[in-house]
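Database features, via TrEMBL:
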- 1-18: signal peptide (SIGNAL)
- 76-387: domain 'Peptidase A1' (DOMAIN)
- 444-755: domain 'Peptidase A1' (DOMAIN)
- 462: active site (ACT_SITE)
- 475-480: disulfide bond (DISULFID)
- 647: active site (ACT_SITE)
- 681-714: disulfide bond (DISULFID)
């Protein structure tokens, strides 16, 4: 048998949110377990082949000798309880095996210290069994002993259920697993030691009125974040599928195995009248290597390593459909169903796997197929059924926060260079030593509330730092008398933290202490958020600021004292359905006064941009940093393949001094003082465009975009800034760029995206601003 090695997380997570279906006079007895799906990793796909070899190859399906695979790549798990009172375990819901096992109290292997363990002495319904068990994994034998106890799944209490508690778990394979054990949903014939599976006992104890269970993954094709689903025991849920259910009789009662009439791609028949297995513990679709190679060629996939194939993401709309004909009915997978979009790559959802000759040519239908088709496992009638799965209609969780912007001042531009030096120069991005810049030139702020009841503060929405701070009630510096201060005694949700903080500014140290309280942003209440209240604000720098504090939107790695940023807590508390936020400045070129904008947390607003969004992968998760292919002005390439940072706390665009000097010359700008350049206002219509090429797409700034018209002067929106050598050549894209392009900060996929921003309407919401 080939062994599966390594830790893999294809991770579909199942949290139990169960409810009993209201009964009519003859309503079926049924319970539900809700399923959640985590995003698939590239590593998971790469290792799928090895795990499937261990799952099926060499398995003679006689029960005792079954070779189970390492479940780190398992797709689904649910919470169950074992014993009285119940101890909670997360178990993989697996139609490819038949036993239930969880870590035991006598297990002293390292993995057992990272998971809950079963304690017989704590359960009043425990019964000793004593039969030894051993399951062979690629990393060694998982051994233990069978026990008997009650098992709770949803609303069903399965009494006297045989299960195994492990006493030894091999290697380090299970240490980081997101599950604790396995709950097999296949047949008793492949059960280790012939133990009765959980579902068979549900039936025997008449907990279900129908010997059937069904999986619905509930994929939402418009969602980029985790999606949900459900398994029902004892019946079906017609809300989760459309049309009729097509059934195929089982060809063996070991796995859930049946025949497919044919598998066809682009008019080419790959297989006819072959066995297939419906397997919830497998993420991909597999088939004999020779047949899958033909399929990969037909869809234009290119081989990588370890059985992986990549496809061109841009060709998904034109790639051929794949037809599985089951009992005379075509089940069609379109490219959007079978292509796995993982980070910046697109991988084929098919993999070649040659099973042993006794099993014959065999295909395995995993999540790629089951996600498209509601799947019914009908033990009463020895069949598997499929119907088109209903998609999730739930609205994404998202909130909007208005951003305020004041007119840019000449003084603001003049001071930009010094503030950016303090922001980036000498910053080693290790968190505590971050050098934040003086925010007097900050462009955007929004109102938030802290505490219960909430106290209102205007905070800079800053993608160039990661902490939240506001003035504290014990601050007696002059700036604190010109701004509202936070009062812990007024809040019923305040929690003392006590950690001291200090942030170095050009004018001195801003010091204070960390607290914990609730923070309201738009419609979202972020609970137990760590933030700093200042006790000393340096010099006179902050006196005239139009903001009160800072709300950082960069990564925890550059957070002072390693505190968790606000947006990270939004994600952890599931306030947002997508780990993404986006800025729209909504500039109105016909307006002479302040213009408005918006930041959305948890999703995008398609009304605020036009065309497609171009994404670039992050090169570091400190700032929002990525690569630009090139920067070109008047046919002259200023830079190629250099890092850039999208920074909402910066008004200008900066780059290395030598490169920016060339740019200024090309646009006809003349130097003034302190890095400023002026241009002739009358020449704006004839000045050259500047092209930033990002991931192959040109983002063009015309002169009307990059020239700042301030009072009677016209200033260049570019400034030279040499960052330290460890950062390398670096450009910073501030308001001049973000104002032209709707900007998406996608933490889920570690990328930044840009699309042409929609112009603000005349009645757009006003946005305040900061000038000194």
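The backbone N, Cα and C atoms fix where each Cβ goes, glycine too.
Automatic prediction, not curation, is the source of TrEMBL annotations.
Source: prediction; values computed, not measured.
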Cα-nearest neighbour of residue 647 (active site) within the listed recorded positions, 462, 475, 480, 681, 714: 462
Neighbouring C-beta atoms (10 Å sphere around the C-beta of residue 681 (disulfide bond)): 12
Segment-level pLDDT (mean, integer) for the domain 'Peptidase A1' (76-387): 88
Inter-residue Cα distance where the pair is residue 462 (active site) and residue 681 (disulfide bond), in Å: 31
Integer Cα-Cα distance in angstrom, residue 462 (active site) to residue 475 (disulfide bond): 23
Greatest C-beta neighbour count within 10 angstroms, which of the disulfide-bonded residues 475, 714: 475
Pairwise Cα distance for residue 480 (disulfide bond)/residue 714 (disulfide bond) [Å, integer]: 35
Other CB atoms within 10 A, centred on residue 480 (disulfide bond): 21
Cα separation, residue 475 (disulfide bond) to residue 714 (disulfide bond) (Å, whole number): 40
Structural state of residue 714 (disulfide bond), classified by DSSP into three states: strand
